[in-house]
Structure formats: structure tokens, C-alpha cells
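One structure below.
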Amino acid sequence: MGGGLKSLAKDTFVYGLSSIIGRFLNWLLVPMYVRVLPSPGDYGIVTNLYGWTALLLAFLTFGMETTFFRFSTRKEEHDPMQVYANALLFVTALSGLFLVAGFSLLSPISAALGYASHPEYVGMLMFIVALDAVTSISFARLRSEEKAWKFAGIKLFNIGLNIVLNLFFLLLCPLLYRHAPQSVEWFYRPDYGVGYILVSNVITSLANVALLYRELTGFKVHIDVSRMRRMFLYAFPVLAMSIAGILNQSVDKILFPFLFDDKAEAATQLGIYGACFKIAVVMVMFIQAYRYAVEPFIFKKSRESDDRRTNAVTTLYFTIFSLLIFLGVTFYLDDLFKYLVSPLYYEGLRVVPVVMLGEFLYGLYFNLSFWYKLNDQTYWGTWFTVIGCVITISIIVWGVPQYGYIACAWATVACNAVMLLLSYFIGRKRYPVPYPLLKIGGYVALAGVLYLLGECLPIETPLWRVLWRTLLLVVYIVVAVRRDFPISSLPVIGKYFTAK
């Protein structure tokens, strides 16, 4: 593994540290939510609200993260800080307009979403999204400047604060309310569980702004109309692509309540699906950490002659690690991970392998999407994601009333598979990248065979089942290490395995 790829591995490790540890800690909130909230329907409300968050955040960031990376690394751009300043100014202005419009129409919007009795839920959600959109540009600056440790530190502090606030409102306050009511009754409402999850998020989003104060201030903004126009033209297809992509990932949680006549049943099923979906979040964490590191890395490599080879090699490494995560979660789902949720949610565990397969395909699509970003032909990404979005919505609208939430999981698989194939075959003609298809296909086949051996062999004793599946997992690791990924190439631990 070359020095550049070792740097990528190191940054992926650091970003992964914040993403994986942080999301794992947030992940541990799920068992508390499903036990503290009165019913799966209440967790369904949380799932639905945060489904909207991802979509709104994609709109407000307006593709400016990717645009900033692209323009700040162009040779003709002599002042990357002004690229950052213009991107930040644009997103801040858009977020401000969003808040003004949203709070002006808060009552009708809340009623349309089914939260007429709790418009403050929607108001807090808007505030959270606006703040997160602004700070996302500052986080992009940290990534561009390769300040991975600062990025990770702020993210981890923010997540830790959110966890502490959730524990305070959902565990400590109810305890104090029962045994010393006078200490909390002046601000605490015992029936406001979902609301306190949002309150915690508002406080942590404000903390983000404070921690990024230096990145948000201390520079002069020179509005270059010509540059802004070029940035906007580049960003608009990225925006459309992002919104369609988020819809592919979140539209199930947004549409679900509208596909049932019985709203309570819809909330219950969505709560079960949302909680079990969280078990598959390990794959999402890895993809996010990888994306944080590889996006600025590939754009910087575009100045050199080896960006295509680098893209090909990183795609292989992504495949190896993603399939390892897939096997690790699915092999121990029945004997370990299912205890993250209460027995009320066990019926939804069948979606976990399907969700993880869909996320793996999305990660591959992300790797195969650099050709149109580096070629400044981002409109291709827009077309791919719009087609995927149509597939997702069609399957969900048709399948959910008949098959329930499992249709949402398979919709994601179908959508990402189609986008992956479109990007590969069109990209092969316009910006050919020498992907090691035989190796990638070999690892997919190996993981598929091992998964079937682990799932289809009937072993009733939990201990023997765990040992058998662990052996299969070791087989995969040994093959990967011996063929393509020597341990000496890994960050942190690799130095202990370097040949003398």
C-alpha cells in the first residue's frame, strides 16, 4: 500500500473513530428509547421526524460540501479560503430563509405532517437542521485541511453531550420526579419523551456552533459573482443528486405513515423497522467514515496522474471491509445484536441483512461515482439518483401496504443496484477506471457462500452456532489478509506487523 493510501487509511481510521464510536454510543440509546418510550409507535414518531432531517439537511447544504472540495483544489482557484467563505455565506443565507419561512408556516406544516398537537416538534427539527447545515461546511473545511483529529474531537464531544442530555431527560428526571418531584417539576413533563429527544439535539447543535466558532468567523468575505455562479452551476446537480439520494435512503420513513389507514399501526411498524434498521448502522458508519476520508483524498489526487488507479484500489479495499462488516453483523444477529432491542421488536430482525446489503451497494455506487465529479459532469449523478428514487418510491408505495416494512429494505437494494450498474457502464465509456472486477466479484462470491453456510446450516445450540460462524468469519479474514490486505498496511497496528 503506497504512502498516499496509507494516509487515506489513517484518515479513515480517525474519521471512523469519531463516526463509529460516536454512532455506537448513539446506537446504545436505541435500547433505552425502545424501553423508556411507552410504545413502538412513539419510536415510530422519532424515526419519521429524523427521516425528514436528512432530506432537509441535503437541501440546505445545497451540495456545497462537494462543491467546496472541487473548487478549493482547482489550480485556477488561487484563494481556497474565499471558496469556503462563499460556500458558507450561501448556506447560512439559505438556512436563515428556511427558518423564517418555516416558522411563519409552522402550524399548517405541522398539521400536514401529522403533528398538529405538537408543532414544537417540527419547529425544533427546523432549528436543528438549519444549524447543522451551517456547521457542515465548517466540518468540510476541517476535512479539506486534513484536521481529522479536531473533526473527530468535536464530533465525539457533541455526541457525548447528546447522550448525557438524553440520559438526564429520559432516565434521571423521571427518577427525580418520582422520588423528589419538587426538584424537577418546574421544567419536567413526564409525558414528553419524544420532545426531550429533540430538546437534547437542539442543545448539541448549538454546542456545535460554539465549538466551530473559529471556523465560522475570522475571515473576510469577498463575494465573487463569477465564482459564485460557477459554484452554483456545479452545486445544483449535486443538490438534486443529494436530495434524490437521501430520498432513496429516507423516503421509506417519510412515506410510511401515509400508506396506512390505521395511523397507530403505521407508527408501530415504523418503530419496529426503525429500531431494527439501527442494528445495520455499523455498515452506515463505515461508509460515512470512508466517505469523509476518501472524498477530499480523491479530489486532491485528481491533480496527479494516478487518480483513476487510486479510485480502483480504494474500491477494492472498501469492498473487503464492507463485506467483513456484513458478515460480522449478520453472523451474530441472533445471538448478540438482537438484544439491543426489546422482544417487542424481534419480528423486525429479518430486515437487517437486507438493509446491510442495500447499504453495501450504495457504498459501491459512491466509489463508482467519482468519474462524473472529476469530469464536472455531475448531471449524470442527478439522473442516476432520480432513476433510483423513482424505483424506491414505486416499490415502497406498491409493496408496503402488502408486505410491510420488508418492502422498504428491498426497495433500497433494487435502487442502489440499478444506480451502481448505470454508473459503471456509462462511466466505463466516459472516464474508464481499471476497477479490479475479478477480485471484487471474488470477495462478493466468497462472502455470499460464507453467509449461506452460516445461515442455512441448522445449529440449534447457541454456543456451537457462534463458534461455527466465527470460524467462517476467520476464513474470510485470512483470505483477505493473505491476498490483498496485509496487516502491516493497517493504521496504528500495522507497524507491529511490518517485516524487519
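From the backbone N, Cα and C atoms, a Cβ is placed for every residue, glycine too.
For reference, TrEMBL has these:
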TRANSMEM  49-71  transmembrane segment
TRANSMEM  83-109  transmembrane segment
TRANSMEM  121-142  transmembrane segment
TRANSMEM  154-177  transmembrane segment
TRANSMEM  192-211  transmembrane segment
TRANSMEM  232-251  transmembrane segment
TRANSMEM  271-293  transmembrane segment
TRANSMEM  314-333  transmembrane segment
TRANSMEM  379-398  transmembrane segment
TRANSMEM  404-425  transmembrane segment
TRANSMEM  437-454  transmembrane segment
TRANSMEM  466-485  transmembrane segment
Residue numbers, six or more beyond the limits of the transmembrane segment (437-454), whose CB comes under 8 Å of its CB atoms: 315-316, 319-320, 323, 326-327, 330-331, 353, 468-469, 472-473, 475-476, 479-480, 483-484
Stretch among 49-71, 154-177, 192-211, 379-398, 404-425 sharing the most Cβ pairs under 8 Å with the transmembrane segment (271-293): 404-425
Intrachain residues whose Cβ lies under 8 Å of the transmembrane segment (192-211), provided they are six or more past its termini: 33, 36-38, 42, 45-46, 49, 118, 120-121, 124-125, 127-128, 131-132, 134-135, 154, 157-159, 161-162, 165-166, 169-170, 173
Residue numbers, six or more beyond the limits of the transmembrane segment (49-71), whose CB comes under 8 Å of its CB atoms: 77, 80, 83-84, 87, 90-91, 94-95, 98, 113, 121, 125-126, 128-130, 132-133, 136-137, 140-141, 143-144, 194, 198, 227, 230-231, 234-239, 241-243, 245-247, 249-254, 295-296, 299, 373, 376
Contact between the transmembrane segment (466-485) and the transmembrane segment (314-333) (3 or more Cβ pairs under 8 Å, separation 6+): yes
Beyond the flanks of the transmembrane segment (379-398) by 6 or more, those residues with Cβ under 8 Å of it: 237-238, 240-242, 244-245, 247-248, 251-252, 255, 259, 365, 369, 372-373, 407-408, 410-412, 414-416, 418-419, 422-423, 426
Beyond the flanks of the transmembrane segment (404-425) by at least 6 residues, Cβ under 8 Å: 248-249, 252, 256, 269-270, 272-273, 348, 350-351, 354-355, 357-359, 361-362, 364-365, 368-369, 371-372, 380-381, 383-385, 387-389, 391-392, 395-396, 398, 435
Sequence-remote partners of the transmembrane segment (121-142) [C-beta within less than 8 Å, at least six residues beyond its ends]: 45, 49, 52-53, 56-57, 60-61, 64-65, 68-69, 84, 87-88, 91-92, 94-96, 98-99, 102-103, 106, 109-110, 113, 115, 148, 150-151, 154, 194-195, 198-199, 201-202, 205-206, 208-209, 212, 215-216
